[in-house]
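What TrEMBL annotates here:
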- LYS70, MET71, LYS72, THR176, ASN283, PHE284, ARG285, LYS302: ATP binding site (BINDING)
- CYS125-CYS148: disulfide bond (DISULFID)
- CYS131-CYS159: disulfide bond (DISULFID)
- CYS209-CYS219: disulfide bond (DISULFID)
- CYS253-CYS262: disulfide bond (DISULFID)
- ASN174: N-linked glycosylation site (CARBOHYD)
- 32-50: transmembrane segment (TRANSMEM)
- 329-350: transmembrane segment (TRANSMEM)
Amino acid sequence: MGLLEFIKDYFLGFWDYETPKVMVVKNKKLGVIYRGVQFLVITYFIWYVFISQKAYQDSETRPESSVYTKMKGTALQGDHILDMVEYVRPSEGGDVISTILRREVTHNQRQGTCAEHFTVPSANCSKDADCTSREVNFDGNGQRTGRCVPYYNQAFKTCEIQTWSVTNKMTAINFTVYIKNAIHFPKFKVLRGNIKPNKRNGQKYLNKCHYNEKEHPYCPIFRLGYIAEQAREKFSELCRTGGVIGVFINWKCDLDLDPSECTPTYSFRRLDLRKNLPSSGYNFRFAKYYSKDGEEFRTLIKAFGIRLDVIVHGHAGRFSIIPTIINTVTAMTSVGICSIICDWIMLTFIDKNDIYSDRKFDDLIQITNLSSSFDYLNSVVLGQKPKHAPRGPPGPSLGNPGLK
């Protein structure tokens, strides 16, 4: 029976109309809270939403981007001068390009047998039976012959393998990288580039400049040492182990301002695992093959270097009336939160004797004849004698609102 009454009351109450009632509360503490919350809400929308986030603008965050990279420079290896053809892979690239900083070179390498490296699992042995003939260990460097041989001039032995012989030499180099970036915001039909157009001294400027955030913000040429420094890495350490560095180009354009204000900002961060880890750094191997006296030889090169991944982000905004109206209405509506908070404080902490709640919430009689009720209220407010009272079931009188 209780559940049916609850459902009935809920169904009938669903069709009731509620209208807010204006009530002035003479309480200074509550007034300070009310104005304080209002100030915070208005400040949030003016400073953060409209000024900082530019909510009055239509924005685009997924631009189309093109990246072209190229390395320039020379290196010294003993008495030989080497250029970018031998050290850059590829010599010209897109959003990824790498340069060799150090090489381990093995000359006159040919097919033969030698002792497996002692760090390879199960490579250490004491007799031939420990080495299975024709077995290939995928962590090793070749096919085992089945013999257990001394490890070069050491006292211990390892399994013999058939592979290319190994000797190592090293060298170090340094280059500059040229990064050309163009970005297109299709929504606004705006195209920007990271090179400032200069018809007179354009090529001369590019031949001499190096990027500097304050002095040369439009110069697309970066020293590798500068990139390592901005990524908080030691260049000497990168020469030893190699590494992957992300070059982040961020375009943040306010199209309501002068086009010269739309300039890219650069940031650099190492992307691979840090040093002192087995998989840290960046290296790769390649070989150069040749024949001598009818026998095939190769020069094996293990290269350690920097790989640059160019990543472009963009955001552009321009004034639009639609987001301005939407965010303005949202701000005005959010001011209503102040009343909700103050009502809760008033009814929970201040209204101990139910004084405010009795005046704030009124249950009026059911009005069956709406037009006659309006005539009655108008007559009472104007001080005239009403023609007739509104019809309805017995209940509390409407009284004379606003006059007492």
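Any Cβ shown, glycine's included, is placed from N, Cα and C.
TrEMBL feature annotations superimposed on the structure.
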residue : record           : Cβ contacts under 8 Å, 6 or more apart
LYS72   : ATP binding site : MET84, PHE175, THR176, VAL177, TYR178, ILE221
CYS125  : disulfide bond   : CYS131, CYS148, LYS157, THR158, CYS159
CYS209  : disulfide bond   : HIS216, CYS219, ILE221
CYS262  : disulfide bond   : VAL190, ARG192, TRP251, CYS253, ASP254, LEU255, ALA316
ASN283  : ATP binding site : THR241, GLY242, LYS302, ALA303, PHE304, GLY305
ARG285  : ATP binding site : LEU300, ILE301, LYS302, ALA303
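Note on the recorded positions MET71, CYS131, CYS148, CYS159, CYS253: the fewest other CB atoms within 10 A surround the CB of CYS148. Of all the Cβ atoms in the protein chains shown, 17 others lie within 10 Å of the Cβ of LYS302 (ATP binding site).
Cβ contacts within 10 Å of LYS70 (ATP binding site), excluding its own Cβ and spanning all protein chains shown: 18. Its own atom aside, the Cβ of PHE284 (ATP binding site) has 14 Cβ atoms within 10 angstroms in the protein chains shown.
In this entry, ATP is bound by LYS70, MET71, LYS72, THR176, ASN283, PHE284, ARG285, LYS302, whose most widely separated C-alpha atoms sit 23 angstrom apart.
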